[in-house]
Amino acid sequence: MLAKISSSAKRFVHRSLVVRGNAATFPLSFSFCRRRAFSGKTSYDYREVLRTGLSDIELDDAIGLFGVMAQSRPFPSIIEFSKLLSAIAKMNKFDLVISFGEKMEILGISHNLYTYNILINCFCRCSRLSLALALLGKMMKLGYEPDIVTLNSLLNGFCHGNRISDAVALVDQMVEMGYKPDTVTFTTLIHGLFLHNKASEAVALIDRMVQRGCQPDLVTYGAVVNGLCKRGDTDLALNLLNKMEAAKIEANVVIYSTVIDSLCKYRHEDDALNLFTEMENKGVRPNVITYSSLISCLCNYGRWSDASRLLSDMIERKINPNLVTFSALIDAFVKKGKLVKAEKLYEEMIKRSIDPNIFTYSSLINGFCMLDRLGEAKQMLELMIRKDCLPNVVTYNTLINGFCKAKRVDKGMELFREMSQRGLVGNTVTYTTLIHGFFQARDCDNAQMVFKQMVSVGVHPNILTYNILLDGLCKNGKLAKAMVVFEYLQRSTMEPDIYTYNIMIEGMCKAGKWKMGGIYFVASALKE
């Protein structure tokens, strides 16, 4: 069997290297790695450090420890070096592990299968798959047979190296070589298949695992559920939950929360609530993510009473709401006209040391503007800037709209200039709001100036912009200019709507041009 595995493995390595044009051997001295200066004399005993564990070791201490170990005579065992390399790899410092592997070879310290596996994994994790394969070839020449850990590392390298067909072939070869793919193998391949938009193959792999005598575990099912939900395939995800139940595998809160969040995103809030009830009936306790997804979803769809009920339930269970929960509820209360409740939630956030985000601040600014509390809205803008939460165009648009509605378009223009100084570019909503604001203030010249500026900077007016401009011109006795704008609109790719025609008909009639108004009326009727 060993001979069979060895010959099959060598064929695999040879094909992977030669077909791809990679180097067929691994450099003896790891000469491709950068060299480091290692810390030398220190007073502590490396054995004591290794004995107490490396789970919390800092990077600088790990580098210093390697320096001490490299200068110790006799050398520490390869097992002790492996412990350190593994700890550094867990910090995602893959290049450093490879560099230390080079140093060990220079010092004459021979690697074993465990260190080879660590190094192969590091090459794969930093997208140097050709060198991982070369190192595999070298270790096999030295008499080390790859184990399932080696091959799983290579599989991960193929999946993340845009070689998904090679990854699938590797799993088949593993069986031919006498290896039994485990849940890590299949879960890695599932991640890779989703990474390359092969969802149906990933789902089919669950059945394939069972056929090969490898029962998928919670992690494997979780990987498939997560991949399906990211694509919006919630029906398939729900079917998979049923498969798990049939296989006597209990879904955990992470899997349920993933599906609930996906159902919420695709407007299946009732299905999400039903699944929430189902998970509770099965004894799975929802967490803050589960609640936040549902509360945010229900608020978005105007189901505030359901959202409030869930919040009460959440607090009763001593599950602390997070930023998402608070922000969703604040926005919901603002839209419902209950600013006092929104403010209380904001105060509760601050008490709990939860920093508001741009969405939270923008919602509150909108609430203040709706009630004409513009001073407080401006103060909230200044507060968010002081807190290094920089406003975006939506935030400024909300405040500009508030001032324009209050017939304080001059303040709106100040805010427009302020946002421009911050490097933010006004959009169609910004300019349309200002045009409307100037017309409300009976400042026809500045309204036209803003429109011209809008066009000159490449911001495209929409039909609402044109309707506001035409209405403002007609009501301010500038019918001739309105006619020019209307004719331009007709020549453009944008279609006038019923409101456009009504504005022009009313303008014509007010100016005593009844005949022309009648023509526009007929045109609007034909339009309908």
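Just so it is clear, glycine is given a Cβ too, placed from its N, Cα and C backbone atoms.
Swiss-Prot annotations:
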type: TRANSIT; residues: 1-20; note: transit peptide
type: REPEAT; residues: 77-111; note: repeat 'PPR 1'
type: REPEAT; residues: 112-146; note: repeat 'PPR 2'
type: REPEAT; residues: 147-181; note: repeat 'PPR 3'
type: REPEAT; residues: 182-216; note: repeat 'PPR 4'
type: REPEAT; residues: 217-251; note: repeat 'PPR 5'
type: REPEAT; residues: 252-286; note: repeat 'PPR 6'
type: REPEAT; residues: 287-321; note: repeat 'PPR 7'
type: REPEAT; residues: 357-391; note: repeat 'PPR 9'
type: REPEAT; residues: 392-426; note: repeat 'PPR 10'
type: REPEAT; residues: 427-461; note: repeat 'PPR 11'
type: REPEAT; residues: 462-496; note: repeat 'PPR 12'
type: REPEAT; residues: 497-528; note: repeat 'PPR 13'
Using DSSP, tally how many residues of the repeat 'PPR 12' (462-496) sit in helix, strand and coil.
26 helix, 0 strand, 9 coil
Apart from its near flanks, which chain residues at least 6 from the ends of the repeat 'PPR 5' (217-251) lie with a Cβ under 8 angstroms of it?
183, 186-187, 190-191, 193-194, 199, 202-203, 205-206, 209, 258-259, 261-263, 265-266, 268, 271, 275, 279, 282, 284
Short question: which residues 6 or more past the ends of the repeat 'PPR 6' (252-286) have a Cβ under 8 Å from it?
218, 221-222, 225-226, 228-230, 232, 234, 237-238, 241, 244, 293-294, 296-298, 301, 303, 306, 317, 319
